[in-house]
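In what follows, a structure is listed as structure tokens, so that the remarks can point back to it.
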Amino acid sequence: MSWDQVWIDVNVATMDTNIQGAYGVIPQAAIAVKDGKIAWVGPRSELPEFDVLATPVYRGKGGWITPGLIDAHTHLVFAGNRANEFEQRLQGATYAEIARAGGGIISTVNACRDADEAELFELGRQRLNALAREGVTTVEIKSGYGLNTETELKLLRVARELGEHHHIDVSTTFLGAHAIPPEYKDNADAYIDLVVNDMLPAVIAENLADAVDVFCENIAFNLEQTERVLTAAKQAGLQIKLHAEQLTNMGGSALAAKLGAKSVDHIEFLDEAGIKAISESGTCATLLPGAFYFLRETQLPPIDLLRQYKVPMVIASDFNPGSSPICSTLLMLNMACTLFRLTPEEALQGVTINAAKALGIDNNVGSITVGKQADFCLWDITTPAQLAYAYGVNLCKTVVKNGQVVALPN
């Protein structure tokens, strides 16, 4: 056999659902890579003969290999921070009081409108580097901090550029309907007109988005407004997803299911009818424990019902300056287990195969399966559960992206 590289002396958590047992484990395994793809994976004892002298062989010293991690929900491109608001909230100020004083999401919008692309790119690069050190190989990045055509396009251009210049793959999402900007505060319908008739065509013309998202909530956009945006996006051939049921149960998830959305995200207030709907549509449920933790929420997402209806559960950081300023996918594994009561296996599924499903790329990444992209990580652990168990020491030893061993940034 002719391969570009071979990995031996490893245990592999394939996360391939076709392999029986927890994590899709293959103990004492080997992996072969050819042309950036997984060419062979299985027990070391069954590895076909190959030219050892002509093939780089990597020894894992008994460590574990998992698929490269995927963070399927971030707002990673932004300027400024809201540490002052964090302090104000701890001193008793309400979100409404902060917003009336010019804070909240609008403060980030103003910072992003003022920032140039070079500044936003450098900030985004630093954040991608932080995720890369944790074994992340694919990241979704949303816009949504522009709320006008010029700045929304700027944010998406930066996200695309980050994907072109970093080893991490970047999936971009247009979230123009993230909040109602001050200039439209009394006319949300008119702002949705702008999103549908001006922003979305401009985004499509520059091929800046892989998907479109809307914040469907009583403090943002109603069902009718949400459907307008998602329908227009779907008609344009873009994938759709939804922020839904974070603060109230508005029925956004049922709408998402009707329209064939890839995921509904947050979903603390999702009810059984909504769960049944997304189960039937194949829509993923994206859990965001970082926001739950940072906002000190108390309404837990309906984990048992999601299990009952076999809805794929995704775990993501929701990294953003307001409700989850936590740039760590690994920490989300621990939070998903400790706060939401997921098992370590469910948590790891949530940042591998299920995250890939939420982004519509599970045919190419998310598990260590022959034919898929060779994106994987070598960890200095004794069991995959260790990734969710402990936090603070980086156990990621090596990352392979598209079949190439990458140098992790300092």
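These residue numbers are counts, starting from 1, taken along the chain as shown.
A Cβ is built for glycine as well, from the same backbone N, Cα and C atoms used for every other residue.
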Among Y58, Y145, Y184 - the residue Swiss-Prot places in the same N-formimidoyl-L-glutamate site as N320, G322:
Y145
For the 4-imidazolone-5-propanoate site that Swiss-Prot describes with Y145, H178, Q246, S323, which of these is also annotated: R44, R59, R82?
R82
Spatial neighbours of Y145 (4-imidazolone-5-propanoate binding site), counting only the binding-site residues H73, H75, H243, D318, G322 and Cα distances within 10 Å:
H75
Inside 10 Å of the Cβ of H178 (4-imidazolone-5-propanoate binding site), count up the other Cβ atoms and send me the figure.
24
CB within-chain contacts under 8 A for H243 (Zn(2+) binding site), separation at least 6:
D213, V214, F215, C216, E217, A220, G252, D265, H266
Nonlocal neighbours by CB distance (under 8 Å) for H75 (Zn(2+) binding site), same chain, sequence gap 6 or more:
I141, K142, G144, Y145, L175, D318, F319, N320, P321
